[in-house]
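J.: Below is the structure I would like to discuss, written out as structure tokens.
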């Protein structure tokens, strides 16, 4: 079957009236480009397809010129699949590969918090499944407005319930993430989701539709009207001043049970080698899946093309129009390419699992994507024009007008009053550990099943989530996500590098070697030159940092238009890092569990409070420069942490970041159930020592018998270290400053979120 380049049938269904391309998010130039590409006016269905595929969400038209530099990050021997696929894949040894990726579902989660978050999890899980992997874990970096704001009370409980409800039903442990509160996210919550999966190295799947005559099979749920316009309206437009999109589409509705059996069906299809190509249906639904698989097939150099009959698509609503069927973002659907010989077996296997499977088309050699509806051709397009050859913009950049002023407003002692006496330091500590961004996340994480599948070794509140891949050998992985919008507001280049450095520190503190990076870049409108300058700086910072650390960027996501009216969110790059264990039994937790262990501070502390939690919590101040980043020192610190864990020299390790040494000590004491006696250097400023947020630091607990061996290693490698105390008792005692009991710390640390959002029953 071949398509007709002139496509007279498609032309015949185009209405004579002016087409509403601007309402669909297309510019005059883009509409003219479509006409030039087709040699005619597009049909309604074609116009809808171009509008979603050329949206910011699908085409990356404003970000692509900056993302290209990630391809220059190191291509390590472990990297099997890099940028451009549904998710990156790395070889972890023992015949296994791991795939991981982070995505956003920000705008839908504001409109419908439960379903927006739930389908965000479902979508990233299918991305991992599409690569051929069994999903084994989820992380959820979340950001909301002020903790006590009425809108946060509406959004946060629904988001948490949606993530927990969907992930728990799938049997996926939620092993990590973040919860951050800041007024910048009022009306623009960030709901990012990372999923990781594992597979045999020889089971990596491709999305390419190849093999003339092969069947195109739709698997999973029926198609309805939910989510129509999601990528072009929710994901590619700014909220108006009223807190919602001017054009409100329906948010997708998730069904985790259908997703679960779809996962098992696909994994069996992969194991039995019954598919030649596979693609999930996420943003832009069938439009995206059909165009990307067809374009990928043609890109292989083999004869390609596709003909599809929309009348064969199982519908939930019989009255749907062709463009609605193509644009629907109904969840729990996959598109498979199957040989005619394998088709009966595929259909029988799906029936056995209770999964709807329908042949809707055929791979052709036409070089075009042709779609029929009620006997007429409603789409006849070159698929590359939708999937690969859309508009690319090099938008203007302008450094924010207040950039220098904000950075000059440093939180110096002359600018912001600092605690000096022991009682003042004690009060500051209690206030910080109870603050929304530093308090316990148990109210959130207790709603997630962190240990289902029995593969979880460490989970929140640990520095990284750790999963066992092999019970026989102990092979395992660690994952962490980090981001700090305040740092990035002060300096998007340095702020992004700080997020990368912290995520690497987190997986190294757990005992694993960082091996790969993913990212979710959350920004305001790309039409704002100041936002685009921030974005360009963030991309450059991440690319340079990865080159310095020797880590590949395997893929990620860009989420633009996170703003209300003309006010964007702080630039918020969220960085995910994958770490590798030879043996997860050597992992290092954060808790101080052994009385008498020596506490050693690794790294150097400076007076660095720009963008700090202390400055915000005590003074509502955001200004100055963020902490400095030294990647050579970060890499050395990571190597020391991994060696100490591997060689049995550490009983606990915790990276230092928000809240500084004081926050890390509180978290480790409460996690392990033991107190600590701390001695600060003579002549030092206790406030700086306790609350500075200098990067490149960690606190470790070392058995006395291992102290000399560990410190000798630090000396030989050139890593600064200092003995700061000992694990002891049931108080946190800072010599000559203050003492506070663990019970008082626990009450302050654990009481905040239940007081704000209600106690869990």
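Cβ coordinates are placed from backbone N, Cα and C, and glycine is handled just like the others.
What Swiss-Prot shows for this protein is this:
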type	residues	note
COMPBIAS	1-16	compositional bias 'Low complexity'
REGION	1-21	region 'Disordered'
ACT_SITE	57	active site
BINDING	60, 101, 519, 556	ATP binding site
BINDING	103, 557	Mg(2+) 1 binding site
BINDING	104, 105, 106, 107, 126, 252, 329, 330, 331, 559	substrate binding site
ACT_SITE	105	active site, proton acceptor
BINDING	127, 280	Mg(2+) 2 binding site
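Map these features onto the structure and tell me what's around them.
T.: According to DSSP, residue 57 (active site) sits within a helical segment.
Long-range Cβ neighbours of residue 101 (ATP binding site) (same chain, at least 6 residues apart, Cβ-Cβ under 8 Å): 86, 87, 88, 124, 127, 128, 194, 195, 518, 554, 555, 556, 557.
Following the DSSP three-state reduction, the secondary structure of residue 106 (substrate binding site) is helix. Around the Cβ of residue 106 (substrate binding site), a 10 Å sphere holds 25 further Cβ atoms from the protein chains shown.
For residue 280 (Mg(2+) 2 binding site), other Cβ atoms within 10 Å of its Cβ number 28.
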J.: Take the Cβ of residue 556 (ATP binding site) and count every other Cβ within 10 Å, whichever protein chain it belongs to.
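T.: Its Cβ shell of radius 10 Å holds 25 other Cβ atoms.
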J.: Return the count of C-beta atoms lying within 10 angstroms of the C-beta of residue 329 (substrate binding site), excluding that atom itself.
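T.: I count 32 other Cβ atoms within 10 Å of it.
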J.: Give the residue from the binding-site residues 103, 127 that has the most other Cβ atoms within 10 Å of its Cβ, counting over every protein chain displayed.
T.: 127
J.: Cβ atoms within 10 Å, counted per site: which of 57, 105, 126 has the most, among these recorded positions?
T.: 105
J.: For substrate, with binders 104, 105, 106, 107, 126, 252, 329, 330, 331, 559, what's the maximum Cα separation in whole Å?
T.: 21
J.: On the three-state reduction of DSSP, what should I expect for residue 126 (substrate binding site)?
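T.: SS state of residue 126 (substrate binding site) = helix.
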J.: Reported as an integer number of Å, what is the Cα distance between residue 57 (active site) and residue 104 (substrate binding site)?
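T.: Taking the Cα atoms only, residue 57 (active site) lies 10 Å from residue 104 (substrate binding site).
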J.: Rounded to the nearest angstrom, how far is the Cα of residue 280 (Mg(2+) 2 binding site) from the Cα of residue 105 (active site, proton acceptor)?
T.: 16
J.: Count, for each of the binding-site residues 60, 104, 519, the other C-beta atoms lying within 10 angstroms of its own C-beta, and report the residue with the smallest count.
T.: 60
J.: In whole Å, note down how far the CA of residue 519 (ATP binding site) lies from the CA of residue 104 (substrate binding site).
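T.: On Cα coordinates alone, these residues lie 10 Å apart.
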